Every structure is written in structure tokens, then in C-alpha cells.
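Feature list (source: TrEMBL):
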type	residues	note
ACT_SITE	469	active site, proton acceptor
BINDING	79, 143, 172, 173, 174, 335	FAD binding site
BINDING	207, 208, 209, 210, 211, 212, 213, 214, 294	NAD(+) binding site
DISULFID	70-75	disulfide bond
DOMAIN	23-350	domain 'FAD/NAD(P)-binding'
DOMAIN	370-479	domain 'Pyridine nucleotide-disulphide oxidoreductase dimerisation'
């Protein structure tokens with residue numbers, strides 16, 4: 001018997017009062033957040049059911065797969081392609097380290113695609129087994145709400161099954177969207193980009209976010225000509241401006257053609273491929289056009305509004321600090337809530353949901369100091385506040401420490417690509433407010449830095465830490481000289 005929720009002073013019901021429910025919890029959506037919430041709730045003793053759409057690498061309103069976006073058409077397959085794209089540069093650099101590449105090196109897209117598909121199918125199976133081993137009942141089909149305590153699952157053969165549950169969790173994630181541009185049907189999204197039958201020799205990427213930057217890096221690393229179009233002066237709006245400039249410089253250095261302050265007004269199918277017309281009147285013909293301009297919550301077919309669940313203007317489910325909707329029995333986690341759309345955050349939300357509802361430990365997800373990475377080549381990783389955010393929130397001065405250096409590996413290979421590391425510090429308290437790095441292994445290094453920031457580390461504590469030598473990571477504990485000090489007004493007070 002599951003332990004009952006203690007949020008808002010709810011009193012545990014008796015076994016007899018709960019007996020009429022088929023499940024203590026029914027989850028719609030078996031992605032990262034849904035699977036985590038299901039497993040942990042079952043571990044607390046809850047009787048749990050979960051439904052997910054049938055598997056397919058490319059999602060739609062009626063197909064998906066256990067594992068969700070991250071496993072099937074997001075983080076995992078993308079990182080596999082990043083590895084593949086990075087190896088081309090590694091082979092180039094290897095010559096300077098004595099390796100003789102005597103034969104022509106060819107890239108086989110179909111082989112990598114096959115390996116990628118094998119891996120996501122393997123992970124899809126693992127996720128299913130995790131649910132089964134936890135005692136969670138998995139249903140394949142489309143789920144929707146028909147009441148505050150009732151769900152309906154439409155199976156592949158059209159059969160409709162109805163189940164009652166004391167609690168219902170919405171964890172349906174989000175899906176890539178195409179902007180309303182004439183000819184948008186001739187473009188692809190990140191879903192299709194991960195499953196292209198033919199490798200594009202020339203690609204146009206529209207978007208300035210991390211997905212756009214990552215695919216531009218991937219395709220260029222594999223040898224394609226890439227045009228990256230974005231609205232702002234620099235890509236990655238919302239990240240630290242200094243680091244955005246570093247990423248842009250690295251993209252150009254590796255051969256990506258940047259088109260700042262540019263968007264597409266029309267997409268036209270031609271005999272030679274796909275042609276785009278920009279708002280500057282420029283025409284570019286390519287093999288593929290990728291729209292990486294945003295994602296939308298998957299809420300359209302859930303019948304939420306009919307049940308009374310409130311949505312925001314983007315279609316995301318509105319929830320409180322505990323992931324609870326305005327309907328007491330209905331909850332939501334992950335991208336469908338549009339809070340912080342990262343897989344580890346969905347896992348955190350799913351964990352805290354289970355603690356709150358079935359673990360007797362009311363728990364609010366903590367969104368402070370969440371690290372993230374842009375898997376460009378080389379990658380960018382950050383945690384905490386950017387310099388701009390720190391200045392905006394500052395009550396006093398902000399100290400900025402930076403280090404720009406040539407990675408040791410590049411001194412032999414001759415690659416002209418600097419690594420940049422940065423700490424943003426409250427000048428009065430000495431607390432480190434933010435850290436960022438663009439360079440090889442940045443995400444691996446930043447995970448450890450995130451622990452330090454999470455527990456309030458000061459710059460003095462960074463300085464007192466002995467570094468690992470020779471490594472790039474040691475720069476974070478050897479930056480002694482303040483690069484600049486900025487007041488809350490945003491004007492530099494010194495330029496040391």
C-alpha cells in the first residue's frame with residue numbers, strides 16, 4: 001500500500017476508500033520524467049500504470065516510443081552523431097602525432113545511422129525492462145484524460161481501455177515545430193535530421209539555439225557545407241554573451257557559414273534540392289533545410305481542457321512548485337510543463353513527484369545552478385549565472401575572471417582554436433555565481449564545477465584547491481587575476 005501524499009495538509013485515506021481505483025498512479029508518457037516517476041512511485045509501494053505511443057524514430061501526435069525524446073530522437077542519438085563528427089578532426093590532428101593515414105579516409109553515413117538506430121532500440125528495450133522490473137504495468141497506445149481520476153488508452157487496433165487512478169501524471173514531453181513559412185513542408189526538423197537516408201552535402205540550418213548549433217557542427221564535421229541562419233547578432237541567445245562569441249568564432253573557424261540577423265521567408269522545392277529565400281533576398285539551394293526554431297508541449301490530444309486542466313499560452317501544463325495542476329489529482333513533469341526543458345531536470349521532477357505523492361516527503365524541484373551543455377564542436381558548458389544575469393541581479397559589484405588558452409593538444413596538432421573559461425563572482429561575498437567553458441571536455445569538467453556552485457563555493461575556495469596538471473580543468477582553480485569588475489549598472493569599474 002503506497003504511503004499517501006502530505007502536501008497541503010491532505011490526510012491519508014484508508015485502504016477501503018482507495019479500493020475503487022485501478023491504479024494509485026497512471027502516467028501518460030514514458031519519457032525520462034514519466035519513467036522515473038513511475039519507477040520511483042512503484043518503489044514506494046504504489047500500483048502504477050503507464051502508457052506510451054508506439055515506437056518510431058520520428059515522432060508525431062500518434063507515434064513516439066518508450067524512452068521519449070532524449071533516448072530516441074534527442075540527446076542520445078545526437079551525441080552519437082557528435083562523436084562521429086568529432087572523429088574527422090581527430091584523424092586530421094593525429095597526423096601531427098605521428099600517425100600516418102596512407103589511404104583515403106571516407107565517411108559512411110549509412111553505417112553510423114545503422115549503429116545509432118541499434119543503440120536507441122537497445123535503450124528502448126532497457127527502459128521497458130526497467131518499468132517491468134519495477135512492477136509498472138506498461139500499455140502501448142494513446143492516452144488521454146476523460147476525468148480527474150480516469151484515463152482512456154486507445155490501443156493500436158483501436159480498442160479503447162479505461163482505467164481509474166487516484167493520481168494521474170502528464171509526462172508527454174514536447175515536439176519539434178516548423179515555423180509558419182511558405183513551403184515549410186519541404187524543410188525537416190531535428191527528428192528527421194537524425195534519420196536522413198542520405199547524408200546532405202549542403203545544408204541550411206535555421207535557428208540560433210543549441211539544436212541548430214549542434215547540427216551545424218555535426219554536419220560540418222562530417223564534411224558538409226553548412227549555412228547557419230539566425231535572427232540575432234550571435235547564436236545561443238540567453239547564454240553568456242562572451243561565450244556566444246567564442247562559439248560563433250569556433251563555428252566559423254571550422255567552416256560553418258554564419259548568417260546573423262537573417263531568417264527565411266520561403267522554402268521552395270527544386271530539381272536540385274531545396275531552395276530558401278532569406279529576408280535579405282538571398283537565395284540558397286541545398287540538399288536539406290533544417291528548422292531548429294523551437295519545440296512545443298505535447299498537449300493537443302490529451303483532452304486536458306475538457307477536464308479543466310489549465311494550460312499557458314504556449315500550450316504547456318501549468319503546475320505549482322510541487323508539479324501539481326489546478327486539478328488536485330492531476331500532475332505534470334518534464335517538457336510538457338515548459339519549465340526547464342532538460343532531461344536531468346525531468347528526472348529531478350519525476351523523482352520529487354514520487355517523493356511528494358507516495359514517499360511522504362513533500363519536495364520541490366530546485367532549479368538553481370542546473371548545469372547544461374551545447375554539444376557543438378568543441379562544446380560549450382555552463383552552470384549558474386551568466387555575466388549579464390549576474391549584473392542584472394547584482395546588489396553590488398561583480399568580479400569576472402577569464403582564461404583563454406591554446407589546449408595542449410593543439411600545440412602539437414597546430415589547430416588554431418582557443419579554449420575559454422570564465423568565473424563570475426560576487427565581489428562582496430566572494431561567492432561564485434556562475435561558471436562557463438568552451439573547449440574540449442567542457443561538459444565533463446562543468447559537472448564537477450556544478451557541485452561546487454550548488455554548495456555555495458567561494459572564489460577563495462576555488463583558489464585553495466589543488467589542480468590536476470597538465471589539464472584544462474586546472475584553469476578553474478588557478479585564475480587569480482580579475483579580468484574586470486562590473487557594477488550593477490553594467491559599466492566596468494576597472495579593466496585589469
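Using the three backbone atoms N, Cα and C, a Cβ is placed for every residue, glycine included.
When the Cα of residue 209 (NAD(+) binding site) is compared against those of the recorded positions 70, 75, 143, 173, the shortest separation belongs to 75. Sorting the domain 'Pyridine nucleotide-disulphide oxidoreductase dimerisation' (370-479) by DSSP state (H, G, I as helix; E, B as strand; all else coil) yields 36 helix, 33 strand, 41 coil.
DSSP classifies residue 209 (NAD(+) binding site) as coil under the three-state reduction. Counting neighbouring Cβ atoms within 10 Å of each of the binding-site residues (173, 207, 209, 294), the lowest count belongs to 294. Here residue 211 (NAD(+) binding site) is positioned 10 angstrom away from residue 75 (disulfide bond), judged by their C-alpha atoms. Long-range Cβ contacts of residue 70 (disulfide bond) within its own chain (separation 6+, distance under 8 Å): 31, 32, 76, 343. Using Cα positions, the member of the recorded positions 211, 213, 469 nearest to residue 335 (FAD binding site) is identified as 211. Annotation for the recorded positions 79, 469: lowest Cβ count within 10 Å of the residue's own Cβ, 469. Nearest in space to residue 79 (FAD binding site), taking C-alpha to C-alpha distance over the binding-site residues 207, 211, 294, is 211.
Applying an 8 A CB threshold to same-chain residues 6+ apart, the list for residue 143 (FAD binding site) reads 26, 28, 29, 51, 151, 152, 153, 154, 302. Each residue contributes its Cα atom, and for residue 207 (NAD(+) binding site) and residue 174 (FAD binding site) those atoms are 17 Å apart.
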